[in-house]
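For reference, the structure discussed in these notes is given below.
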């Protein structure tokens, strides 16, 4: 009878502040998302606990997970593997809890393939809007600088196409508020709510 | 350059508390919606101002508006016409403001035809969820009572199909919060935001 939770994927260009926004969200008491614990092959640091901070695995175990499609997405950074375990995500969703992933753009594209019904939120740099002001007030900056920023902006805008929502990170608190509004609204979509009413009342 | 506003339509079965929720929303200082002023043929009451409380018209003028398709929706109650003027809605939306309509279910269906891109929110009675509890704890109420409530619930659930979102009115403040979250989230949809970025930066 329990409604399946939503898979929320927060991503965006590197340096946009995904980690800061994620930390701010999880520091708020009214946050009801479950943070998806990653799998890694790096050694636990002082105080880190298995199953809380990370699921710690050997390279062999991790590669076994890759082969057996036990990872929603994975990547290798500085000689260590990092990934999102599909079983943990699936189990948490089936308990009716929303699962929150904060990952890189490449990882988000992998997740989209496995979970097209996920909620994909693109965190956009405020520099995109600022760029417009710079273009309007041309003259205070060199044409070259503007051209470079335009090139980066084009890439960022193209990235957005794989996402459902775009949240500008002009202010961390505002970004959190917007993300929470998106999740709340998604839970209220008629195509989610009406079947639940129909089911609970046995109405066709 | 201004983004067109959203047309927000709040509707639901009679007696669900649409008017109360609308008043609560417009009593909140941070509400940025424009309330759509209705046209009516009834006489102004003490203190009511034309263009503020209503647009007051003669029956002849009103019927002329119907013929010329100047009303998004209209109905006759107790010998007076009431309707939503399309020009006011169009003008306000084109100024980039969100327009809020609170109307009956029949009117909402008329608006949906003219504005399929509108945001249609169904205000659901808490009795729908309560009904489930009653069914589960059968025995405290007669089978007839439950059957009657089930029939009403079926009608209400069928009504939902024409809407985008369902908000349960179990608590007026919560209902307002949910409606605002829906509107905020809709403004952040990628298919609304990305074209704006593309346009403002001249990117294709």
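Backbone N, Cα and C define each Cβ position, glycine as well.
Note that the coordinates shown come from a computational prediction; the quantities given were computed from them, not determined experimentally.
Annotation comment: TrEMBL describes A:5-184 as domain 'Guanylate kinase-like'.
Look at TrEMBL and you will find A:12, A:13, A:14, A:15, A:16, A:17, A:18, A:19 tagged as ATP binding site. Taking the Cβ of residue A:12 (ATP binding site) as centre and 10 Å as the limit, one finds 26 other Cβ atoms among all the protein chains shown.
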Reported mean pLDDT - the domain 'Guanylate kinase-like' (A:5-184): 90
8 Å Cβ shell about A:12, A:13, A:14, A:15, A:16, A:17, A:18, A:19 centroid, ATP site members excluded: A:123, A:125, A:169
Lowest local Cβ density (other Cβ within 10 Å) among binding-site residues: A:13, A:19: A:19
Least buried by Cβ count (within 10 Å) of the binding-site residues A:15, A:17: A:15
